[in-house]
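First up is the structure itself, then whatever we jot down about it.
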Amino acid sequence: MGDSDDEYDRRRRDKFRRERSDYDRSRERDERRRGDDWNDREWDHGRERRSRGEYRDYDRNRRERFSPPRHELSPPQKRMRRDWDGHSSDPYHSGYEMPYAGGGGGPTYGPPQPWGHPGVHIMQHHVLPIQARLGSIAEIDLGVPPPVMKTFKEFLLSLDDSVDETEAVKRYNDYKLDFRRQQMQDFFLAHKDEEWFRSKYHPDEVGKRRQEARGALQNRLRVFLSLMETGWFDNLLLDIDKADAIVKMLDAAVIKMEGGTENDLRILEQEEEEEQAGKPGEPGKKEEGRAGAGLGDGERKTNDKDEKKEDSKQAENDSSNDDKTKKSEGDGDKEEKKEDSEKEAKKSSKKRNRKHSGDDSFDEGSMSESESESESGQAEEEKEEAEALKEKEKPKEEEWEKPKDAAGLECKPRPLHKTCSLFMRNIAPNISRAEIISLCKRYPGFMRVALSEPQPERRFFRRGWVTFDRSVNIKEICWNLQNIRLRECELSPGVNRDLTRRVRNINGITQHKQIVRNDIKLAAKLIHTLDDRTQLWASEPGTPPLPTSLPSQNPILKNITDYLIEEVSAEEEELLGSSGGAPPEEPPKEGNPAEINVERDEKLIKVLDKLLLYLRIVHSLDYYNTCEYPNEDEMPNRCGIIHVRGPMPPNRISHGEVLEWQKTFEEKLTPLLSVRESLSEEEAQKMGRKDPEQEVEKFVTSNTQELGKDKWLCPLSGKKFKGPEFVRKHIFNKHAEKIEEVKKEVAFFNNFLTDAKRPALPEIKPAQPPGPAQSLTPGLPYPHQTPQGLMPYGQPRPPILGYGAGAVRPAVPTGGPPYPHAPYGAGRGNYDAFRGQGGYPGKPRNRMVRGDPRAIVEYRDLDAPDDVDFF
């Protein structure tokens, strides 16, 4: 074993061997005994001595040990297989090498250290977003942790003993109210300057946002009515077997939303024909169709220029195709053709170079700066060459396009329903939408930016999607944006994939007649609620919403009541049921009489589907998924996913299943049907609602300063007056804009306060010591399987399986939970911990884990009282 630990330790200590012994004989005997091992001691004189770390390549995380060997008093240690070898990813065998540990060394098999000792980060690692841990967020400013509300028990400790229980409860309720009020005001001050917050609550921004949302909604309504008039919904059913037709309809809606014409809708027919024609080579042919189907000649050339990262075969095919088109255009000069072919050859060779150097490194994310510089140089050269080629070919293009215009042929349809997009995972709350737009506008084909709602658990960071036209080279744009920072925040964009399954199905029980009728009722109610909330059918934006008693102007709801009322033959049933017998029309059912067949009513389904399509296209609400897609007009796919009915259930269904489905579905729809919640006047006053007049008075008073007798100053302008009434008059006359700002600030705060669903910091509950029965985390059967991130602050980590009982056990810290029971089957010394509920932790046994044969023997006086501090 040339590189074992024992051999290496002996080599390190060899230079001290002669100094340790005064007996020459013993020294000679030692050297004679070990002479075979050390006869090549000149081994390291001729070359540079290897560092100690190189001997540990097989286990880099081991701690360096320089302790003397223990061969004086005990027999030589056997070279045993170490239990942590080959188990680096196993939490049971990896020692305590977690990111939380302060030491950073190897495995420690002493007493488990509590996590709260000095040197450990105060904020736990798992609280931060993953990008912060990986370094995508530039600086993590944790700031002061928010205060935690006291429990009633903690609050009682701060009260005098003379306070009775009723008074204590009253004071605690007042404390809670004050705490929440203060927390809300702090939150308002912390976020009032951020764009997302102002757009939600500031009076000026709220008005603009509502106007934009209303304009987008009316555009979607026009698209829906246009598609309905042209018969797109006539034979369309929302069933999973009609997925292709549904996708086609959604694409048509998107083309219309993007301002497309009936001519642009022809692209959908062309794509369908291409799919049917080229099924074997579907992927390649789809790409070709997408690139060239609806683009003009100029756009096709930019497309060819952008698709540099295709494989070399395709590059050669493209160049040969270009040559063919040039031949068909007319006989040019031979010299020009030679130059063009030479340039094409150069381009193709550069394409190959870029493919090997650029594409691979982009995918692996490991391109060096020098490579990126050379690539940018190549890109500039290629752009210059492409521009020169364009200038040469312009006259030819004009000649080619003139006969087309003369013939009066229609323009090619545009694929407006297809886009390219980038996804940005972390956008800081202080970055505005306008900044991202101005950054991305520099690149050709930019369309729009969408930002998600901020996430309180991720420090109010947002996700973003930047949409570009389909003709651009999205990977090149993504690469150019990689290292750009906005306000010290790396955007780190990635290419957003196209949606794979745009039509998804739910349970086929939804085809049943009873459920369909119930869905019609719910969908009609939902349409009515959303139309009233957005005032979509109101004549003017300022008009009040229609009362629910009046019929809606929405044509989709016309005569809807005809389908909501179920016709029953009650009189006939009463007459026939008086004898207690069942109606003769219903034959006795085989099997379970409570089961029924799924009954499908095509007429009802057609009515329901029109309502669901209205909800999906106009209000961006996916009925069967019971969710609303927010800001869908700004997303890359303006009509992306829809959920439809699944295939008919093969078996019969019970009446209970139908009722259960209806009940569950109505519960899921309740949040969408509820009116936007706002606090009542009384609750708002309790939470600190501000009065505009009082705030204006406070503003005037604070800006009226007395300098001396009959001498008053207005600090806003620096002018002096003889009395406070003159200062007041001056402020109202000369600083009216400041007064308006105060009123707007009050409205800003009140809008935030009255929103019942206002954003707030995630509530941090104080760590409560769980009882003995709660020592195991739910879902994790054994204490050794408890993840360290879920354990309370300051609690000692559980012992490693196989070493827990043998290690010296520390005292449980104050406030921490009792030591967890040993796992099931701990065996001797524990007397079945799960049955007795009071046994001390025994040695966990596991056949796959090697225990320590030299574990400390545990002795326990069975008559002694329970104590946690024993071996």
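A Cβ is built for glycine as well, from the same backbone N, Cα and C atoms used for every other residue.
Pulled from Swiss-Prot, these are the features on record:
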| type | residues | note |
| --- | --- | --- |
| COMPBIAS | 8-73 | compositional bias 'Basic and acidic residues' |
| COMPBIAS | 297-347 | compositional bias 'Basic and acidic residues' |
| COMPBIAS | 370-385 | compositional bias 'Acidic residues' |
| COMPBIAS | 386-411 | compositional bias 'Basic and acidic residues' |
| CROSSLNK | LYS150 | SUMO2 cross-link |
| MOD_RES | GLY2 | N-acetylglycine |
| MOD_RES | SER4 | phosphoserine |
| MOD_RES | TYR8 | phosphotyrosine |
| MOD_RES | SER67 | phosphoserine |
| MOD_RES | SER74 | phosphoserine |
| MOD_RES | SER136 | phosphoserine |
| MOD_RES | SER492 | phosphoserine |
| MOD_RES | SER539 | phosphoserine |
| MOD_RES | SER569 | phosphoserine |
| MOD_RES | SER678 | phosphoserine |
| MOD_RES | ARG828 | omega-N-methylarginine |
| MOD_RES | ARG835 | omega-N-methylarginine |
| MOD_RES | ARG845 | omega-N-methylarginine |
| REGION | 1-90 | region 'Disordered' |
| REGION | 272-411 | region 'Disordered' |
| REGION | 574-597 | region 'Disordered' |
| REGION | 830-849 | region 'Disordered' |
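Everything Swiss-Prot records as a feature, shown here on the structure.
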residue: LYS150; record: SUMO2 cross-link; DSSP class: coil
residue: SER492; record: phosphoserine; DSSP class: coil
residue: SER678; record: phosphoserine; DSSP class: strand
Intrachain C-beta neighbours of LYS150 (SUMO2 cross-link), sequence separation six or more, cut-off 8 angstroms: SER158, TYR175
Among SER492, SER678, which are modified residues, the residue with the most C-beta atoms within 10 angstroms of its C-beta: SER492
Whole-number Å value for how far SER678 (phosphoserine) lies from SER492 (phosphoserine) (Cα to Cα): 38
